[in-house]
Structures are given as C-alpha cells and as structure tokens.
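Asks: I have a structure here, written as structure tokens, and I will follow up with some questions on it.
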Amino acid sequence: MDIIFYHPSFNSDYWINTLHKAMPHAHVRAWTAGDNAPADYALVWHPPVEMLKGRKLKGVFALGAGVDAILGQLSANPGMLADDIPLFRLEDTGMGSQMQEYAVSQVLHWFRRFDDYQVLKQQSRWQQLEEYAHGDFTVGILGAGVLGSKVAESLLPWGFPVRCWSRSRKSLPGIQSFAGPEELGDFLQGTRVLINLLPNTSETVGLINQSLLNQLAEHSYVMNLARGVHVVEADLLAALESGKVKGAMLDVFSREPLPADNPLWAHPRVAMTPHIAAFTRPNEAIEFISHTIGKLERGETVSGRVDRVRGY
Ligand SMILES: NC(=O)C1=CN([C@@H]2O[C@H](COP(=O)(O)OP(=O)(O)OC[C@H]3O[C@@H](n4cnc5c(N)ncnc54)[C@H](O)[C@@H]3O)[C@@H](O)[C@H]2O)C=CC1
Ligand SMILES: O=C(O)C(=O)CO
C-alpha cells in the first residue's frame, strides 16, 4: 500500500515515521512536485491541485476537521478529485478537548466579568461589580457536531443553561437542541453567549450578521471558533458599538493572517487569537487514519466521510 502525504507546515518526517509504526505494511512518502507515482491514499491539507489531479486513489484524508478549503479547490478545479474517490475529514483527534479549554475559559472570563475588571484596573479603580447569574448566561452553540457537542457538554458542569443548533435534532443530556432554519430564532432568543462551531458551507457563510445578532439577548457575547466567513465583521462591529454585543472572542477571520488595518485589532471589547483554538494532534490523527484505512481495506463502514454536496 502506498500513501502520499502533504501539509504546508506539519513536520512530514514525524508524520511519516509515525504512520509507518501504525501501518508497517504501508509505504508512506512525502509528496513533492512532479511525483506522479501511484498511490492508494493521500493525506493532505491545502494540497497543490497537481498532487491529486488525475490520480486513481482509494481515499483522501483531509488533515483537519473543516474541509471548506479542499472543497473550494475542488469546485475551482473539477478534475482535481474524481467523484468516486471518497474524501474523509478528522473527527476530534484531540481537537475536542482543545475546543473545550478555549470555550470554557472564555465563557468563565465573561461570566466572572474579568473583562470589566480589566477596564477598572486600567482606570486604577477598586470596585466590586454586581455578579451575573448563571440563569442569565445561557450559552448557545451553533453547530452540534463532533466539536460543538463536546463544547456543550463541557459547559454544563459550570451551571450554565446550554443549548445547541444543528441541521437535525440532537440528543445531548441536559442540552436543549434546536434544529433547522425554522428553529434558529427560538435558539437565538435568550442566548447570551453565542459560540460558533459550524462548518463553512453555502448555507452557513455570513450567518452571523445583523439580523442574527439582533435576536441575541442584550449585552451578549460572540465567540467564533469555526471560520471567519461565518461572521459579517461590519455587522459585528456595529453590534459592539451599539452595546447589543458586549464582547467578542475571535479565533478565525475572513482573511488570515488578519490584515493590519482591520478595525478588529484595535477594538477594546474584541479579543483575538490567530486560529489556534484547536490543532490536529498527530498521534490521535494517525490512529484515526490508520484505523479508517484498515476498515476501508476490509470493506467495513467508516465514519468521517465528507458529503461533497452538503459541504462537510
Ligand atoms: N478554529 C480552529 O482551530 C478549528 C476550527 N474548526 C471548525 O469547526 C467546524 C466544526 O467541526 P466539527 O464539529 O468536527 O464538524 P461536524 O461536521 O462534526 O459538525 C458540524 C455541525 O454543524 C451543523 N450544521 C452544518 N450545516 C448546518 C446548517 N446549514 N444549519 C444548521 N446546522 C448545520 C451540523 O448539523 C453539525 O451539527 C469545522 O468545520 C471547522 O470549520 C475545526 C477545528 C479547528
Ligand atoms: O481542522 C480545522 O478545520 C482547522 O481549522 C485547523 O486549523
């Protein structure tokens, strides 16, 4: 079995050596331009079109959770990957716990008013502020998939009401599930902290706009852990200016790196991280990939297959 590997920044040697340990029978090589030798599987992240174009592969694994980039390449280069070649994505592989860390820490930061105390500190003011009540701090998660559901579960022990919105209804103990466009309004009403963990698709791009933000509770918070294109930045800035949104924590942006002249940089109630909410963990990813390839070779059913039409 031959596997080709491409990632613009990962340590190829580590990945190839670890893949060899997980799959001793496989020959894994780092793909380089001009390599047209046969392969059975490709492990890729933002691959050059020529790496996949015209290849007969048993499967392609995206080395991340979101597949919008590779699907975007596919739509721009139709011949890049034959329709009958399955595309897989990583499900959790160490990203779930990272998302939990990020979300819980930020929700608690806002709930305990550390953002307000930082402002008082800068004014050298010693002042105790009125505490928020858990009941007034409903957390609503857009996207209740692998990562969104883990984030939802991690917030429950802290006493917050937690709800989620997804394409289909979910059964997550203690978490109110809202499903489909017809229930988005009910999901938003009363949501104080909005956390985005949706995939970037034609249905979700630009979803977090003025209309959606206006439906949130007063003095709400927005945390974007998914993709920058989900947020209409001008609308978020307007909601911050009006006070409808009290604070934002953004890990992803419509352009990355974020251009220096973007007003989000200087906004006093916007905190930012440079797309670091959750990294692919090599060991967990290789375990997932090697198990999945093993199942594929045995003709067994597998999870993680991307629905190219649906977009995730
Ligand atoms: N900032 C970062 O470092 C990272 C960001 N991500 C982002 O997180 C996203 C989610 O990852 P997973 O949870 O693994 O994805 P997933 O595919 O397991 O879950 C997606 C969820 O979104 C819902 N959804 C999709 N389209 C919808 C629609 N039109 N209306 C309502 N609900 C819809 C689905 O029902 C599902 O619950 C990824 O697509 C990626 O963009 C993932 C990893 C790291
Ligand atoms: O896995 C993903 O989709 C990511 O955004 C990793 O950066």
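Just so it is clear, glycine is given a Cβ too, placed from its N, Cα and C backbone atoms.
Found this in TrEMBL, in case it helps:
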type	residues	note
DOMAIN	105-277	domain 'D-isomer specific 2-hydroxyacid dehydrogenase NAD-binding'
ACT_SITE	R227	active site
ACT_SITE	H275	active site, proton donor
Asks: Measure from the CA atom of H275 (active site, proton donor) to the CA atom of R227 (active site) and give the result in Å, rounded to a whole number.
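Replies: Taking the Cα atoms only, R227 (active site) lies 9 Å from H275 (active site, proton donor).
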Asks: Fewest other Cβ atoms within 10 Å: which of the active-site residues R227, H275 wins that one? Let me know.
Replies: H275
